[in-house]
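Report on the following structure.
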Amino acid sequence: MSSAGGGPRGSVRPERHVQTGRGGNGGSSSTRTKSAPPKRPSSSSAKSSVDSDNAADAIRVRVAVRLRPKNNEDFIEDGDFTSCVELQPEAKKLRLKKNNWSSELYKFDEVFTEGASQRRIYEAVAKPVVESVLEGYNGTVMAYGQTGTGKTYTMGRLGKDDPSERGIMVRALEDILASISSLTDYVAISYLQLYLESLQDLLAPDKINIPIVEDPKSGDVSLPGAAVVELRDIDHFNELLQFGEANRYAANTKLNTESSRSHAILVVHVQRSVKVKDENEGASVVSSMDDLLAASNHVPIVLKSKLLIVDLAGSERIDKSGSVEGPMLEEAKFINLSLTSLGKCINALAENSPYIPTRDSKLTRLLRDSFGGTARTSLIITIGPSARYYSETSSTILFGQRAMKIVNTVKLKEEVDYESLYKKLECQVDSLTSELERIQKIRQDEKAKIERKLRKQEESLAETKRTFTTKCENLEKENDCMTMEIKKLMEELNDERDQNKILSGRIVEMEMSLSQNKQQQLENSTYKKALSDSTQMYEDRIKALLEQVEKEQARCAYLELEMHGARQVVANNENSSKMQENGKVNELQKELHKLKEESRNEIQHLEAKNSELLSEKDLIYEELKSMQEKVMQEAKHRRSLEDEILKLKKVLSENSAVQLERGTSMLRTTSGVGGGAIYLPRTGKSRDTIPNQKDTISKIFEEVGLSNILALLKSEDLDVQIHAVKVVANLAAEDINQERIVEEGGLDALLSLLETSENTTIHRVTAGALANLAMNGSNQGLIMNKGGARLLANVANKNDDPQTLRMVAGAIANLCGNEKLHVKLKEDGGIKALVGMVRSGHADVIAQIARGIANFAKCESRAISQGHRKGRSLLMDDGALKWMVTSPTTFSASTRRHIELAFCHLSQNEENTRDIITSGGIKELVRISQESTRDDIRILAKKALNSNPAFLREIQ
Ligand code: ADP
Ligand code: MG
């Protein structure tokens, strides 16, 4: 359009100067110096090479004409009238018929019938321009024609429903996007509307009156205010185009105008990386990074080019000479100054006028560097077939002709047959092409669909893989953990097995030692049996000897009687035969004397033997006593062994995870504190193992009689006293004997023995006997009234022998179980003595003390709850409370339970609060409430804690 047009910008592409001749109405041809036009692409349509022999054609504005098919209006208005245009596409000619006798023939670069496919239009009209744009030249494709003839159809059709209908804009962008490299190249668009000399941005509707800026040096035209959107892909372009169309529609509605009066201008900015070998060889396009790298020894350059696709406003108000006609003049002047100006420029260019009025309008200013000049330009003029619009069609055709600047048409030899065949084939090709495009589009859609599906599947596969891997990892971790745990458990199991083995070994040892013990006991009892048998035998023999002594004595008496008789006879005969019989008497006296002597001797012998037997009996008794003690010790030992076995069995069974009904046995053995144990001097001896001794004692009891036995308690002989008290203690263990013992003065005797004796054994056994008697409620009162508690306290204070203390503690413990006696028991020093025995430290003694205190506390608690008693506990003094609070945890379980129980009972009494707090008992109470092995004790402790606000305060 202008001689001032510069070469491609932004590049170092060398310019080639060629002489270009312009065709005119046989007029002068001008010589212009301009940049080299792009060479004809080899891929362009065959028909585009019609003028390939003419170098000048290479840069001439190429003009094609397209006839729109008849529409409904045409059919209605024109009926069967023939169209005013007749096309000769094979000759690229068009005949415009004014009437039946007048017509004109025009030649164009391309002539498209109403059936021409959009694809063919694109390939013939736009593709060469697109290719030259890709090579770095500016290019323009314009559609000119009357409103309703198909400009927008040709240029802007999106072809959403029918892909074969896609217009030049879409196809051009498809080609451009397919040809560039996304790595190195760049494609962006601006989309504008020119209306009433105002340039509006269709991609950014707020922008109106966008200025057109011209570089005074290069002559480059730019629109600095317009939005330039870089394209991602063809879908993106379609979206933008649709968006722009919507804006165009909205803008036109707002301005109360029609799109036919505005120009739509699509500006495509293309920037490509190319390499040039040297100054003379020119640039060659690189399509990828690889090419760029391969061409690293070449000079890298960037080509910038611009493609304008212009859908012009309707040409109906412009007359054939390009000026506005008729009454619309004024309006048109303003409304479409641009189109008028374009017409004038075309005319001026066509006439080779020295002045081209490009500055008259915005459109011509915008097209200045694209239309003519260095750029390749294609114009498609659209016409309708109806004769009603003859003048508009004629004007359009003349515009096209001027644009072609060709007046004379080259005559071609036309072959009629060939022509009709060509026509027919072309129709077929067109319909097949459309069909092919449709199928291709469907295929593409399907392909895209499948690709999308594939991508989704791949994504889901990747996701599955990821989750699977995570799962695997988790499982592996878990597996590791499990293996570790199993290993640990196996180790623990092995440890436990080893421990079990050791424990089993110990049990076997223990059992062996137990059975040995049993064996020994069996032997002992056999030995005892033999002893008692032999005792019996000796007793029998003593009895027999005594009988014999009696017999001898009787015989002696008889002999004395006989002797007396004989004396009488002698006296009677003395007088008669004194002399004769003197000798005889002497003889008899001698004989008697002899007999007496014999008897005496025999008695003496028997008496010696008797005393011998008696001493032997004493010896046997002594032996029996020592045996009994031995058996007692062994039984004790055995008990402790049994206890240990029990413990070990418990541990073993716990370890082996064998279910153990330990609760029941525990409860059975520990429940109750008030029953009172039976205290035999032969403590520790199992009832089963001593039937013989018991039998012996009951035999003694039967034969000697209780009164005799009780009498023996006062014997001078200590041994006799000891044995007697042992027998009494044993008898006192049986309920049936207790009453008789007390009735016959046994209790008094025992108490006096306790008071008077200094002997430890006496103390121990007497205390045991009293403990036994104190199991009976009525005896308890008697014992107390007779000062038993005081006596027991004395013994406790004087003695340190654990067994004696154990008996004393047991006796006091039994007395503790009677609430009525509590005051006196305390007054007589019983409690103090009981607590004092703690010093012994012996487990058995401690057990009895704990039992006693538990008995006491429990009875006291009951009495208080029943209202029999009030006030502070009698256990508070004498150190009992302190001992309970600080008692070591090493005590046996049952002892600890007794202490805990006692303490819990004391804690129930509010009067004891201060003592418990000051003694630091709260901590112990809390501990019991949490740690005691007995539920009832824990409950008692919790009850005490929760019901006493002072305790609660202390806890906080
Ligand atoms: P313009 O832009 O020139 O005013 P349009 O492109 O809007 O005209 O076309 C007017 C009508 O004619 C539209 O409905 C369009 O689809 C139809 N039309 C135009 N050209 C063709 C063609 N070659 N084939 C089929 N229909 C067409
Ligand atoms: Mg239109």
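A Cβ is built for glycine as well, from the same backbone N, Cα and C atoms used for every other residue.
DSSP classifies Thr149 (ATP binding site) as coil under the three-state reduction. For Thr149 (ATP binding site), the same-chain residues that are 6 or more apart in sequence and have a Cβ closer than 8 Å to its Cβ are Arg68, Thr382, Ile383, Gly384, Thr396. Marked as ATP binding site by TrEMBL: Gly145, Gln146, Thr147, Gly148, Thr149, Gly150, Lys151, Thr152.
Look at TrEMBL and you will find 422-506 (among others) tagged as coiled coil.
Feature annotation from TrEMBL assigns coiled coil to 535-644 (among others).
Summarising the annotation, TrEMBL assigns compositional bias 'Low complexity' to 28-54.
The domain 'Kinesin motor' annotation in TrEMBL covers 60-406.
Summarising the annotation, TrEMBL assigns region 'Disordered' to 1-54.
Taken from TrEMBL, the feature repeat 'ARM' applies to 704-746 (among others). Averaged over the repeat 'ARM' (704-746), the predicted model reaches a pLDDT of 86.
Marked as repeat 'ARM' by TrEMBL: 745-788 (among others). Assigned with DSSP, the residues of the repeat 'ARM' (745-788) fall into helix, strand and coil as follows: 35 helix, 0 strand, 9 coil.
For the recorded ATP site, residues Gly145, Gln146, Thr147, Gly148, Thr149, Gly150, Lys151, Thr152 set the reference point as the centre of their Cβ atoms, and the other residues of that chain within 8 Å of it by Cβ are Arg68, Ala143, Tyr153, Ser260, Gly314, Thr382, Gly384. Comparing Cβ neighbour counts within 10 Å across the binding-site residues Gly145, Gly148, Gly150, the minimum falls on Gly148.
Among the binding-site residues Gly145, Gln146, Gly148, Gly150, Lys151, Thr152, the residues whose Cβ sits under 6 Å from any atom of ligand 2 are Lys151, Thr152.
When Cβ atoms from all protein chains are considered, those within 10 Å of Thr147 (ATP binding site) total 19, not counting its own. Within the same chain, the residues at least 6 positions away from Lys151 (ATP binding site) whose Cβ sits under 8 Å from its Cβ are Ala143, Tyr144, Gly145, Asp311, Leu312, Thr382, listed in sequence order.
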